[in-house]
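The structure under discussion appears below in the form of structure tokens.
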Amino acid sequence: MASSEYSIEDDHVFLPPPFEPHEPFGPQQSDQQYSYGLQDPLRRDTYATVGSTQTWQDEEPGYGQRNYDPYNTDSESGTHELSQMEPPASTRTRARDPYPAWSTERQIPLSREEIEDIFVDLTQRLGFQRDSMRNMLDFTMQLLDSRASRMPPNQALLTLHADYIGGQNANYRKWYFAAQLNLDDTLGQIQNPGLRRLGPTRSNKNIKMGSSVHNDSTERWKQAMDEMSDYERMRQIALYLLCWGEAAQVRFIPECLCFIFKCADDYYRSSECQNRVQPVKEGLYLQNVIKPLYRFVRDQGYEIINGKFARKEKDHSEIIGYDDLNQTFWYPEGIARIVLNDNTRLVDIPPAQRFMKFDRIQWGRVFSKTYYERRSLGQWLVNFNRIWVIHIAIYWFYTAYNSPSVFNGARSTPMRWSTTALGGAVATLIMIAATFAEFSHLPTSWSNISYLTRRLLCLLVILAFTAGPTFYIAKTESRTPNQRIPLILGIVQFTVSVAATLIFSVTPSGLMFGGRVVGRLRKSPAGQTFTASYPSMTTKQRLSSVFLWFLVFGCKFAGSYFFLTLSFRQSINAMVGLKVKACTDKYFGDALCANQVIFTLTIMYIVDLVLFFLDTFLWWIIWNAIFSIVRSFYLGVSTWTSWRAMHNKLPTRIYSQILATSYLDIEHKPEILVSQIWNAVITSMYRDHLLSIDHVQKLLYTRIVTKDGQPRWRAPHFLNPQSENGIKGSPEPFPSDGEAERRISYFSRSLATPIPASIPIDAMPTFTVLTPHYSEKILLSLREVIREEDQTSRITLLEYLKQLHPVEWDNFVLESKTLAQEAGSDNRFPIPVNSTDDLPLNSVGFRSSAPEFTLRTRFWSSLRAQTLYRTVSGMMNYAQAIKLLYRVENPQVVQPFQGNTETLERELEWMARRKFKFVVSMQRFVKFNREELENVELLLRAYPDLQIAYLEEEPAKKEGGDPRLFSALIDGYSKYDVQTGKRLPKYRIGLPGSPILGDGKSDNQNHAIIFYRGEYLQLVDANQDNYLEECLKIRNVLGEFEEYEVASQSPYAHSGQNVSRKSPVAIVGGREYTFSEGVGVLGDLNAGKQQTFGTLTARTLSWLGGKLHYGHSDFLNGLYMTTRGGVSKAQKGLHLNEDAYAGMNAFGRGGRIKHVEYFRCGKGRDLGFGTILNFMTKMATGMSEQMLSREYYYLGTQLPLDRFLTFYYAHPGFQINNVLMILSTQVLVVAMVFMGTLNSSLACKSNTNDQLLNRVDNCHFLIPAKGWITRCIITVFLVFMIGFIPPFLQELMDRGARMALLRLGKQILSFSPAFEVSAIRISSNAVTTNLVFGGARYIATGRGFATSRTPFGLLFSRFAGPSIYFGVRVLIMLLYVTITLWTPWIVYLWVWTLALCISPFLFNPHQFVFVDFFIDYREFLRWMSRGNSNHHYNSWIGYRRLSRTMITGLKKITSRDSSARFLGDIPRATWRAVLFPEVIWPVLTAVIFMIAYMFVKAFPDRNGNRPPNGPLVRIVVISVGPLVWNAGVLAIQFLISLLLGHLFYPSFPRSGSTVALIAHALGLIGTVGFFEFFWFLELWDASHAALGLVVIISIQRAICKTVWVLLTREFAHDQVNRAWWTGKWYGRDPGVYAVSQAAREFIIKVIELSLWSSDFLIGHALLFVLAPPILIPYFDKLHTTLLFWLRPSNQIRAPIFTIRQQRQRRWIVKKYGIVFVLAAGVFVVLLAVPLTLPKATNFDCSLCRML
């Protein structure tokens, strides 16, 4: 019947009856199946058509270059032809039915051929790519096979269609009704559903979701879905998947994809499409539909500069991102804005014609911002307004009531009531401020303006009721106090204020006064559907949530009142009564004296308010830990269960929990089945070298013969209830405290928890593990394993691993000996097997350099490092688990293959391949070097079923065109291209452009997501692990999605209308075991924190409905997530923490997020100080970006109070708490400075006869304030130390009291609190800096072992900005406080602040090696001085330029200079962002400290004199003097360089460095000289000098920051800096900017000289602090032991140097040791000599007298 060449013209096309194509409820064909485009189902190569003269590949080659084979699918790996490098035959499967559950024997509604015909026909008519069609066909068949394996095929198709298209929880259906297309179809005009139906018709806009029209539409929808034929259902599924499979970046825009699908569906059902004879061009869909949208998205963030794409200088508020695009399709008004080139609106075109008009759409006129992510604290105010109301209003109530002396409330009761009632006004003002801020974040539209204006007016009325009576009462009480009417009015005002505060605290602002999602506007359904469809909680969960927060705030309010407020009351009363006398200032008179107490009291109020916030977090930590522990007992996951009882029940639990017991044949004894499972687990541990052969023999089930001759399996003593050897502590079962014991212990405990029942392997769903990979280490090379990283590491990686895993190394060596002996008899490996010298084996694990042996050492090391090989090896245990369970539960499978293990293995592999896929998305695959490619090949040969998705690039056909990019997939069975030597991809799907538009990871996942298979996804990183015993629980974990039991009736049937009402499970999270714990104090500390959050906190969050998605071991409902935007979000910067957005998106759209206790995966963490803090910086900046996002806006303004509090304190509250902790310390020290000024000026003083001398009337007032300071310091200490409690409790629950105490003790003794201080500061700085400047980016931390020493200069440059400078400023303030206001608790603040300065060096490996210390000193001096003659990437000048460009930005001028490539693209900060933090705040800080100094100087000195011109002139002169000095030095230097530079530079290339050194030295002399002069002016008073130094630093800091803000942009190169010092301006890149750049550089150099001087002094001060330990013998070994938790041994040794190197190092020590000692001597002289000088110095100086 069919000809040799298929022609669609010869085919008989069957068309359905005519119907209205745009009518979604049109009649469906339920009785007849239509086969569009094919008559012979056996021939499917339909692309070789006769009639078509031009195809897509004629224009752009790349599509369809390979022959189309519909059966060459992802599941049929056995059909590939293998090359000479193919895996061994044992790994190949025989030809099997790829979709056995979808076979003709099961009465399938559509055959595979018919389904394929649907895909082919859609591809021909709509222009999809062939490879994409093949990919999606296999994707669909895998889905159908997965579902049909546990339900009838017809039901599988029904439920799949319901999930994708028409069901209650289908995103397409939700979009259809949320966009109110149902109302438009019902009320609008069918022939022209455009302007008239979207016009301002009031009847349309006032239709509620619950109206009869909506109900009728819902019923009509359900009826249409129910009457739809199986063919139509399959066609819609296929069309949606084909649209999704090529959507690229549009997959991040789910509702846009729904709109595209609807247009495509309307077009396909039209007569125009069905009458079309010729197939459309292949790739038409990509070219006309996807590429224009892609280009719009790309052009929002990128522009072409010099032929290359560069990032635009646009912040999020100026970029129309994915969410803005998506939100356009939520509303009919947004859809109506889609216009064509001829200004015709798309909605004015009949629906059947819209799809073919997509290439004419002007998308630039369609989209606009729907939410402005502006960088300001206004975001915090809007999103978390209830947090501020609860704390600030209650604080006002507490403090105002206990501060009657401030407002005369002690004498007037009405005034006290009224003033206290102003807390309600404060709450109202917060809400008003939040409303004003919300105006700036929402686009200007009538609905937004009217909604916010209505709220604002209501708040103003409430403000009048809460604040207005105070004015009347104050006026009345001033005349006659304590009248009756004011008292009643005050009480009523207080009642109204309390009520208002409660309302504002409980009611979300989005639901207040007729909020966004409760109104009658047409946008309300979309807002409710996509942002506020939160999954409901059970009654028990809701009561638990409310009770938890009742406990938290009950304890918080009680504790704050009695511990803080009441103690503060005494200080307030004392301070209010303090009267300062006998002081005056030349310019301000007695104003300072009169207001200094007010200033001090105001700062004290601020301190108390910040602490009021902090202790809430403290109580949240406490009660969250208690709640989680109680729940762990309830679930049965505590180790406090008897060891014997736990393990004795293990066989029973394996049988009942792991195996599908209800489906097993009862004739098989449980002990036989359990023994196979247990023995497989123990064997896997043996193969991982966790157990020796002796341990294995004691742990295996053994087969014995009873007395009656019957065989039976004997359990090991470990599992025998009658045996005493199962008691914990016995050395027999496992190596003590080893990995095997940990794994078995958790395995036993996990099976005691409630677990969903297992189903047979045949029936389990198919799932995929997806791992994104960029540059993570794939497999360690032999060089990396056995050689030291560098001369500063002092230990090889292998030696380090041997110390971390001694038992596993011994087992490995024993196995290596056995293999070596076996290989000794082989002629290929002539090894002296009888030799007694086993040193090579014990040292490196092999005696032969043959790859077979060296690879084993590489594998052993890679499995204990954070490598991709470890991840792949661990996750492939899923396949082993499936094979094991399939064999154990189906003995009938084993019986036919008796004696033929190879065939049996193929059968088992076929089942594993059917149920499990593993995809690694390698973003850089085509750019891998040779070593990386070899490692990938090793992976593919070891695991042929591993699939690798990568990006393939093809040069542009036309010169100047864009290169073509493809998403490609290979596996271990892929054929080789003989010419290139590369594997040929199975699928090669064209992309509209580069898919990496964001930060990388989410885009990498998105391009590979089309290659996943099955119903569920597990997302893991490239540094994770998994274990066989955990993989055995996979069926139980997938059962958590609650889709095993499916109702028999149709989801569209009226009787089943409530079947799908329960919120679907979107994400199932598991526990996380950090296998890098115990790797030193930092690795262990980081692991403990991550495990605590992933387990203890996640347990609570899951129960309280506040858990989101955090990546790692989480399982995702693939269908649910991919139809709602994917598994992550991808806007650059904004979505840095990409996985968290997937959780928020799923949560806001109604998906449930669960947490299971019985399953966990391994996870590696950062191990070094720098890498850990880099990771924390990434997380903090990511959280700062989250606070700008619309997701936080929706959650913060719509969640109920208890769920909002859970969300806040578990996510943004943690980072905000870090900010408040730093702020509290800073403000507390400032308050103590002001207290010190009062104490030093008004203190009681006595003579030798103990007689009071002067100012006796003021001395007693400061005693209560000192007590308040002590309580504040204690509060800060408790809030800081409480962070150690949850990890301790988690360890207590997991491993018992002994291990928990041991771990906590080791952490404390290893200075972990010092690290925590730095971590808090780094995180808080990252949050605030990103809020101002932006710049959040992915930081590749690197997760290797931190064994190398980092140079001092590099550490200083990394941590000076965020940590050291802040610490030095606080230290100087503490010095003044210590002199003037001593209290023992100040010691804690000293330790806390010192930790900020020295932690980077304290946790630096081998920091205290004597020789290396002075080599470091030399490098530090070089770092300070280089980069002025020639560019150097690591220099002080480069560090300063980089920090300055955060504010100034870079010029968009390209340069060929090599120095230009080190800065990249840095945008200029906007003036709105930098005005307050970079100008106003530094100036305000300088003013505050200047007030304190001027107050101190307002009193006569000990000689009875005051500065004649006032202290203001003195401090300004001393502050500005160094800058004037610098200007003079630089002016002279510039003239000399300009005149003589061109003469000296050619002959003396280092002349620039010499000139710079002289100038910097003179700047240093000026800085030190002015300070010493100032100290002299202060009569060598140390306290006045310390306070004056604080003021000087503040003034110079304010000047510096202000100058930076006013500067023009920076050049990317540093030629201007080199031209300045060398005088050689000719030939430099500045060009026309030469004159202006010289003036600009002069201003910069004036500031830089002062900054250089301060860095030089700070660096030396730090070195002086670090120097004493190097003189202590063996201190470095002690430090290394504390840092690495390793016993001192010969393996941690000094590196071996040549004689020449040793001589050079000794010379460096001698030379720079002398310099260091001289520098220390100068420091001592400058500081000690003034302290020893006489109190009064007779020195006549006219300038001194003037100052």
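Placed from the backbone N, Cα and C atoms, the Cβ positions cover glycine too.
Keep in mind that TrEMBL annotations are predicted by a computer and have not been checked by a curator.
Annotation source TrEMBL lists region 'Disordered' at 1-102.
The compositional bias 'Polar residues' annotation in TrEMBL covers 70-82.
What TrEMBL lists as domain '1,3-beta-glucan synthase component FKS1-like' is 231-343. Under DSSP, the residues of the domain '1,3-beta-glucan synthase component FKS1-like' (231-343) split into helix, strand and coil as follows: 71 helix, 10 strand, 32 coil.
According to TrEMBL, the transmembrane segment annotation covers 419-439 (among others).
Positions annotated as transmembrane segment by TrEMBL: 451-473 (among others).
The annotation transmembrane segment is assigned in TrEMBL to 485-506 (among others). Away from its own ends, the transmembrane segment (485-506) comes close to residues 385-386, 389-390, 393-394, 397, 413-418, 420-425, 427-428, 430-431, 462, 465-466, 469-470, 472-473, 476-477, 1201 of its chain (Cβ-Cβ under 8 Å, at least six residues beyond either end).
The annotation transmembrane segment is assigned in TrEMBL to 546-566 (among others).
The transmembrane segment feature in TrEMBL is assigned to 587-614 (among others).
Taken from TrEMBL, the feature transmembrane segment covers 1219-1238 (among others).
Annotation source TrEMBL lists transmembrane segment at 1268-1289 (among others). Non-local neighbours of the transmembrane segment (1268-1289) in the same chain are 563-564, 567-568, 570-571, 604, 607-608, 611, 614-615, 617-618, 621-622, 624-625, 629, 1088-1089, 1091-1092, 1096-1097, 1221, 1224-1225, 1228, 1231-1232, 1235, 1300, 1303-1304, 1307-1308, 1312-1313, 1316-1317, 1320, 1381, 1383, 1385-1386, 1388-1389, 1392; each lies 6+ residues outside the stretch with a CB under 8 Å from one of its CB atoms.
Look at TrEMBL and you will find 1473-1495 (among others) tagged as transmembrane segment.
Marked as transmembrane segment by TrEMBL: 1515-1545 (among others).
What TrEMBL lists as transmembrane segment is 1557-1577 (among others).
Per TrEMBL, the feature transmembrane segment maps to 1656-1675 (among others). Within the chain, the transmembrane segment (1656-1675) has long-range Cβ neighbours (under 8 A, six or more residues past its boundaries) at 1352-1353, 1356, 1360, 1364-1365, 1368, 1394, 1397-1398, 1401, 1407-1410, 1413, 1417, 1420, 1424, 1560, 1564, 1567-1568, 1716, 1719-1720, 1723.
Among the features that TrEMBL reports, transmembrane segment is placed at 1712-1733 (among others).
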Mean predicted confidence [pLDDT] for the domain '1,3-beta-glucan synthase component FKS1-like' (231-343): 92
Contacting positions for the transmembrane segment (1557-1577) when only residues 6+ beyond its ends and CB under 8 Å are counted: 1425, 1514, 1518, 1521-1522, 1525-1526, 1529-1530, 1533, 1585, 1588-1589, 1592, 1621, 1645, 1649-1650, 1652-1654, 1656-1657, 1726, 1730, 1737, 1739, 1744, 1747
CB contact flag for the transmembrane segment (451-473) and the transmembrane segment (546-566), at least three pairs under 8 A: no
Remote residues contacting the transmembrane segment (546-566) - C-beta distance under 8 A, at least 6 residues beyond either end: 390, 394, 398-399, 402, 608, 611-612, 615-616, 619-620, 622-624, 627, 1100, 1104, 1201-1202, 1205-1206, 1271, 1275
Closest-packing stretch to the transmembrane segment (1219-1238), where packing means Cβ pairs under 8 Å, from 419-439, 1473-1495, 1515-1545: 1473-1495
Same-chain residues near the transmembrane segment (1473-1495), Cβ under 8 Å, at least 6 residues beyond its ends: 375-376, 583, 585, 588, 592-593, 596, 599, 1230, 1233-1234, 1237, 1241, 1328, 1332-1334, 1447, 1510-1512, 1515, 1587-1588, 1590-1591, 1594-1595, 1597-1598, 1601-1602, 1604-1605
Outside the transmembrane segment (419-439), six or more residues from its ends: residues with CB under 8 Å to it: 376, 378-379, 381-382, 385, 388-389, 392-394, 396-397, 400-401, 407, 409, 452, 455-456, 459-460, 462-463, 466-467, 469-470, 490, 493-494, 496-501, 504-505, 509
